[in-house]
Amino acid sequence: MNLITLNNNKQIPIIGSGTNTFGKVNNDYSEDINFDTTELQSAITNGYRHFDTAISYRNEAVIGKAITESDVPREEFFITSKLPGKPEYTKDEATIDEAVKNSLEAFQTDYIDLYLIHHPWDNDEEMVATWKVLEKHVKAGTLKSIGVSNFSKDQLQLILDNATIKPTVNQIKSHPGEWNHDVIEFGREHEVFAEAWSPLSGVSDANRVRLNAIGEKYGKSWAQVVLNFQIDREVIVIPKSHNFDRQKSNLEVFDFELTEEEKQEIYNL
Ligand SMILES: NC(=O)c1ccc[n+]([C@@H]2O[C@H](COP(=O)([O-])OP(=O)(O)OC[C@H]3O[C@@H](n4cnc5c(N)ncnc54)[C@H](OP(=O)(O)O)[C@@H]3O)[C@@H](O)[C@H]2O)c1
């Protein structure tokens, strides 16, 4: 798996697997957790070592179970989770400490590779205070890297202005039709990698047709073209599939190179 080096010298697989419907009844985001690890096991078999989850998804323990039950050592995995930007999780140091402790227990691990503030909220002072507690956990070794998610340029600047430890990533929505190029570029200028959530699900039918046409000469699908485009510009991607073959095909994106014209066309979608 191709790795990129974050601004703290830690490495992250540039493709991870989303998980927000994994381990849930009917693969439904809002349904109960059933601890089914089928998709996680098939992802591990396919070579995924990077999993993206969140406290809000309620399935950290399912990811922990799949990792523990696999024959791959913990240190070969890269686990991301996210702290909700809600008062019940962020109101003071003790609540944040408790959230981190619960995440560690759910994953059955003594460190988490990447922990993000899931969403910004309307209180700069509180966001900075939350960041400071996450920094404490980095110093303690329980969180290896920290970052943010869904932060605008101004919100990212706020954290950069007040951080002792820089955010490593900003996980944002990015797909054809809603690329968020400006946030990606702003992060790049500050060594904060963009990580694209929902890299595939929001792609319109019309854009799928155009991307399939671009991919045809390489024998690649629209989804593979999107992932290749993002990886080429060092945007981390976390596609999710419940299907073994699509999980596999989402990793088969390193063996072709789009032309500059094709990249420009995709950039403009
Ligand atoms: N930070 C945030 O606020 C935030 C918000 C949303 C999501 N996320 C994270 O981002 C992850 C990914 O987003 P997402 O769950 O929306 O997934 P996604 O990868 O954008 O799309 C998933 C959908 O695309 C289909 N799919 C996957 N690979 C395909 C392929 N090669 N060809 C055709 N269809 C394909 C899947 O169907 P099949 O299962 O049938 O293959 C599924 O319906 C989430 O799971 C979560 O971890 C973060």
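Keep in mind that glycine also has a Cβ here, set from the backbone N, Cα and C atoms.
What TrEMBL records for Y57 is active site, proton donor. TrEMBL lists H118 with the feature substrate binding site. Residues annotated as domain 'NADP-dependent oxidoreductase' in TrEMBL: 15-266. Per TrEMBL, site 'Lowers pKa of active site Tyr' is recorded for K82.
Within 10 Å of the Cβ of K82 (site 'Lowers pKa of active site Tyr') there are 26 other Cβ atoms, across all protein chains. The average pLDDT for the domain 'NADP-dependent oxidoreductase' (15-266) in the predicted structure is 97. For the pair formed by the residue listed as 'active site, proton donor' and K82 (site 'Lowers pKa of active site Tyr'), distance between Cα atoms is given as 9 Å, rounded to the nearest Å.
Rounded to a whole value, the Cα-Cα separation of K82 (site 'Lowers pKa of active site Tyr') and the residue listed as 'substrate binding site' is 5 Å. Over all protein chains present, the Cβ of the residue listed as 'active site, proton donor' has 22 other Cβ atoms lying within 10 Å.
Secondary structure from DSSP puts H118 (substrate binding site) in coil.
Same-chain residues at least 6 positions away in sequence with a Cβ under 8 Å from that of H118 (substrate binding site) are, in sequence order, A54, I55, S56, K82, L83, P84, G85, S149, N150.
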